[in-house]
Amino acid sequence: MRNLKNSYDKPSLIFEEKFFRKGYRRIAGIDEAGRGPIAGPVVAASVILDQNNIPKGINDSKKLSPASREIIFHQIMLTAIVGIGIGDVEKIDSINILNATKYAMNLSVERLDDKPDLLLIDGNFTINNNTQNIPIISGDTKSLSIAAASIIAKVTRDNLMNKFSHIFTKYKFAKNNGYPTKDHLNIVNNFGICSLHRKSFKPINKIINKNNL
């Protein structure tokens, strides 16, 4: 598959419009949240925007404040076709994070109410789907559909980690979202791991071996 690479100030419909001109009609943007953390699931989202009703302010989720993300999240959910897929910790540890990400992405496509005829994927890889895949490096900064998916994935995962923080209270998941912050690693060193920690990830594996957990 071709890899479309360019640089843009803000995400736009440049990719979507290019493929609309080629006859595609249901173009889904796909992105994930949670590949880097040492705890919690990876969450993927697929979004088919309504070209006549696109919420304002859509951007790469990392460039938006939590409050803005939450507002735009609800607007996307109301106006677009959205599918969400989750790769849990067991899946990550059994097939690795990249394959768990692809699994979650495929699941998110399957959960769309309308079958897409083209997938714009954030990254440099394709997924095992019969629909045509177009990988776009840093796609969440270039394509509005992918940026919308990044918001859905990020808010969904953050909300999950917030819920987990009430169950695994020691680990401050609402604050660190499972990322390997200094404080998070200190907590794991002191108290050990919980069922949300990814044993296949080097920092956790190192602590397990060190403490014979």
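Cβ coordinates are placed from backbone N, Cα and C, and glycine is handled just like the others.
Remember, predicted model here, so these are calculated numbers, not experimental data.
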Legend entry - Co-listed divalent metal cation-binding residue [TrEMBL; alongside D31, E32] among D117, D122, D158: D122
Inset, instruction - Grab the pLDDT values for the domain 'RNase H type-2' (25-213) and give me their mean, rounded. - result: 97
